[in-house]
Amino acid sequence: MSGLSDSVVMTAEGMKALQAELEQLETVARREIADRIKTAREWGDLKENSEYHDAKNDQAHLETKILRLREQLLAAEVREVETQSDVVGFGSCVEVEDSKSGKHVTYTIVSAHEADPTQGSLSIDSPMGKALVGSKVGGVAKFDTPRGPRELKVLKITT
């Protein structure tokens with residue numbers, strides 16, 4: 001398995017999270033920024049009103065983010081999680097041990113659009129993700145990083 005195509009492929013959970021984020025931005029975040037703009041306008045002269053300009057900049061960034069999320073959702077294709085629990089694949093939850101540090105970490109293999117290693121979600125297209133895909137319990141995934149080669153021993157695989 002070599003990874004995912006260029007389309008916005010994600011898990012059902014990733015799709016739900018994207019929809020929830022979009023809803024929060026379109027409702028709560030928009031309302032908060034609109035309130036900030038209204039308050040700043042009440043302070044008078046807009047030429048030198050940094051609060052107003054900051055809020056307008058934040059509004060522009062928010063609208064750009066909303067547009068990007070909408071585009072991702074329109075192009076999104078939910079990919080079923082691979083159900084083989086003896087081999088690491090898309091959607092697998094894999095516990096690994098770093099050969100150098102001995103540290104145990106658990107990752108879920110997801111699309112690049114969902115990946116956030118700090119939250120335990122790893123892109124199937126990342127060097128680590130590519131090395132892990134196809135591995136079995138007891139196997140060692142080897143890959144290169146900017147800090148040198150790494151090896152992860154697969155301890156457990158769940159779906």
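Even glycines carry a Cβ here, placed using N, Cα and C.
Nobody curates TrEMBL annotations by hand; they come from automatic prediction.
For 15-72, the entry in TrEMBL reads coiled coil. Feature annotation from TrEMBL assigns domain 'Transcription elongation factor GreA/GreB N-terminal' to 8-78. Here TrEMBL flags 84-158 as domain 'Transcription elongation factor GreA/GreB C-terminal'.
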Note to self: Could you give me three numbers for the domain 'Transcription elongation factor GreA/GreB N-terminal' (8-78), the DSSP helix, strand and coil residue counts?
What the structure shows: 57 helix, 6 strand, 8 coil
Notebook entry, point to check: By DSSP, how many residues in the domain 'Transcription elongation factor GreA/GreB C-terminal' (84-158) are helix, how many strand, and how many coil?
Noted result: 9 helix, 34 strand, 32 coil
